[in-house]
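Asks: First the structure, then my questions, so here it is.
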């Protein structure tokens, strides 16, 4: 992980593995295809498992854990993981690590303070996810949460002066239409609903989460453009702010109850699974995204929606009616179209008789397309922690 996070051209090789540069062309191509398929599997599982595991943990009978404590624990574990990775980068030299952190965090305090804003928004977003998933079926949340692609695109245009092709604008309209249909289905019934669910509160939470995700992802990308810190350092800094802000949110929202019942009240193996998924999932995706292009990320999101829906039917008795199927199908198609590279988008637009709009931000030859943050990030960047990672992993 450290090799990729620090900008290495290859992932850390395991025992007995050979770097791609030493392989015959055919073998290298086959190895690359295997890595892409592995990346696809990891992205699909990560996109779907976090939502399903939160939904499962929040609907189990018995004592319900405090969501604010889970957010804090995820930030603590993520920060400790990044600290260990930085320690490994310094070859286990404690003195070098301390001097490095002193310089990066304290001496360059202006850069550190800049991360307070996205950290605050990410902490808010993670808490809103628990509210949304507690009040919406997992499949409905998964579909609606793709609105973060729309919010990120709009903030990218406004804050980064990024241009979108006509096909991308059309896919965003298609995305909004699909989400609206799914929400109409939810409002109209959508099968049996637990008494303690409030779909209105769930919808408000997921929309607020999408807005915060879009803004934070673009803001963080803007910060990273003038930054030279490694991805692990930036995530450690975000983790420090996230832990502090998470504790403030815990005290404000559930401080009395946590003080009376304990920080780990209601924690079960399922809850720990959610915490570990949140803490390490984004870091893992940041590594595998190295092998995933935009089309692959679009496929991953589409497959994760299907997987979430199938799992929701079996685990939670979710009912799929024609209206939900139509809305989800539109969202899946929109995600795929939005993730197409510029050249493919222009080809599709030309084939349909409509030329793409002028592109003012062409990428240099050989460079990957700009990251579609909160694409959770749904391409990769829609996951709860990925907007913190994707840009730097790509450009480090």
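Keep in mind that glycine also has a Cβ here, set from the backbone N, Cα and C atoms.
Just so you know, TrEMBL annotations never went through curation; they're auto-generated.
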Asks: Suppose you had to name the range TrEMBL annotates as transmembrane segment; which of 264-289, 342-367, 368-393 would you pick?
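Replies: The range carrying the transmembrane segment annotation in TrEMBL is 264-289.
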Asks: Thinking of Cβ pairs under 8 Å, which stretch from 169-188, 264-289, 296-317 has the most of them with the transmembrane segment (64-87)?
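Replies: Of the candidates 169-188, 264-289, 296-317, 264-289 scores highest.
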Asks: Under 8 Å, at least three CB pairs between the transmembrane segment (323-340) and the transmembrane segment (169-188) (pairs 6 or more apart)?
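Replies: They are in contact.
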Asks: Should anything in the same chain at least six residues away from the transmembrane segment (169-188) have a Cβ under 8 Å from its Cβ atoms, list it; otherwise answer none.
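Replies: Residues 136-137, 140, 143-144, 146-147, 149-150, 153, 199, 203, 321, 323-324, 326-331, 333-335, 337-338 contact the transmembrane segment (169-188) from elsewhere in the chain.
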